[in-house]
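In what follows, a structure is listed as structure tokens, so that the remarks can point back to it.
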Amino acid sequence: ITTVDCSDYPKPVCSLEYMPLCGSDNKTYGNKCNFCNAVADSNGTLTLSHFGKC
């Protein structure tokens, strides 16, 4: 199973680095920071579907 460690999040500012991740909501997140902030906002209901665009 594919996982991302989001224990250091949420963070107030994300870099513009582009390394897309596909969330379980079928939305593409630009990088780990954006994805992990969304995970934090979802109270853990959002998970990683796979690396790369959805």
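Even glycines carry a Cβ here, placed using N, Cα and C.
According to Swiss-Prot, the cysteine that forms a disulfide bond with CYS33, out of CYS14, CYS54, is CYS14. Swiss-Prot records a disulfide bond between CYS6 and CYS36, which is the match among CYS36, CYS54.
Just one residue in ASN26, ASN43 has N-linked glycosylation site written against it in Swiss-Prot, and it is ASN43. Distance from the CA of CYS6 (disulfide bond) to the CA of CYS14 (disulfide bond) is 13 Å.
On a Cα basis, CYS33 (disulfide bond) lies 8 Å away from CYS6 (disulfide bond).
Local packing around the Cβ, expressed as the count of other Cβ atoms within 10 angstroms, is greatest for CYS36 among the disulfide-bonded residues CYS6, CYS22, CYS33, CYS36.
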